[in-house]
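Asker: I have a structure here, written as structure tokens, and I will follow up with some questions on it.
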């Protein structure tokens with residue numbers, strides 16, 4: 001699960017310009033472009049350096065909705081989610097690949113098993129072949145690959161977030177309930193993604209692995225913020241969006257790797273994208289089933305997720321040198337992903353349109369409250385709005401000089417931002 005988000009995926013252009021002391025230089029036009037696109041992909045995290053997070057108060061919560069009504073709605077959501085355990089057993093668990101037939105990172109990398117001279121020679125030859133392919137990969141694609149790998153490596157955070165969703169969580173760590181088995185199986189399959197990308201990058205010799213590893217360390221330490229993390233509705237919607245975004249991101253990276261002659265990397269990203277596609281199918285089907293059972297609750301939850309923006313799982317990544325907001329490492333990485341075509345504003349608009357159509361939001365009628373109908377109207381008009389904003393951002397960007405940024409991941413080499 002990585003996206004520059006969605007994600008896994010992607011925010012906007014930034015202007016962390018290339019200069020020896022890493023100071024920021026930006027034009028007002030570029031800053032406006034960043035803010036516009038940043039609003040499309042994800043809201044800034046509350047816990048930014050030098051700023052206190054908003055404080056939850058009972059008064060604020062009560063102002064949003066009467067406490068008894070909100071609590072009752074949450075209990076109903078949890079019970080509906082729990083009622084799907086048999087459905088999950090029949091429809092979602094078969095999407096997970098049995099371990100004995102699943103691919104493993106070792107399948108795509110030179111064999112490092114100890115042995116005689118022939119084994120060592122074969123390993124050395126395999127690494128040389130991998131490095132020859134990696135040598136042709138442009139720096140902007142490497143930045144996207146590292147950003148996706150860093151996000152994948154923060155898997156412990158995502159499993160802990162999954163276990164906060166009431167009705168879906170693994171309450172004991174070994175629960176036999178289908179929802180819990182799905183979460184553990186999903187985690188096990190996702191764990192291979194970061195492992196495989198990490199080992200490829202290590203063997204490629206193209207990146208500063210210590211800086212990359214320190215970025216993973218910081219992301220795990222910093223954590224992740226998510227709208228309504230205890231809500232099963234929000235959690236399943238978020239999962240569907242994230243998995244589709246990562247499928248798109250890894251798929252585009254595979255295409256770019258192939259175009260630049262790295263067949264090994266193309267195969268690696270392709271097999272990861274295929275996993276994300278299966279996982280997307282699970283979360284999408286589960287969300288679709290909930291739309292059938294509680295169309296009003298799901299329409300309002302989907303609108304909540306869209307209004308709050310789909311916060312990227314890697315949004316709090318840091319290499320220890322970056323700033324806040326448009327100068328953050330995540331914003332710069334996302335700007336490169338936009339320019340490289342790994343994950344773009346157009347992809348995000350297509351993604352929103354896909355789910356609104358897939359869950360038949362426009363066709364919802366019976367059972368919608370006034371708030372549900374307002375959510376429906378908002379959702380059905382969202383994709384066209386995103387596309388208009390994207391077109392405006394690109395017209396503005398065309399009138400300004402592209403910025404450059406240095407990335408510690410690639411030994412401070414400069415890369416052009418979107």
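Yeah, the Cβs are placed from backbone N, Cα and C, and that goes for glycine too.
According to Swiss-Prot, the feature Fe cation 1 binding site maps to 152, 190, 193, 276. Per Swiss-Prot, the feature Fe cation 2 binding site maps to 190, 243, 276, 279; the stated evidence is similarity to another entry. The transit peptide annotation in Swiss-Prot covers 1-70.
Looking at the shown structure, what environment does each listed feature sit in?
Answerer: According to its DSSP assignment, residue 276 (Fe cation 1 binding site) is helical. Around residue 276 (Fe cation 1 binding site), the C-beta neighbours below 8 angstroms that are at least 6 residues distant in the chain are 1, 243, 244, 246, 247, 250.
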Asker: With an 8 Å cut-off on Cβ distance to the 190, 243, 276, 279 Cβ center, who else from the chain surrounds the Fe cation 2 site?
Answerer: 1, 186, 189, 242, 246, 247, 275, 277, 278, 280
Asker: Given the binding-site residues 152, 190, 193, state which is nearest to residue 279 (Fe cation 2 binding site) when distance is taken between Cα atoms.
Answerer: 190
Asker: Using a 10 Å cut-off, grab the number of neighbouring Cβ atoms around the Cβ of residue 279 (Fe cation 2 binding site), all chains included.
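Answerer: Other Cβ atoms within 10 Å of residue 279 (Fe cation 2 binding site): 26.
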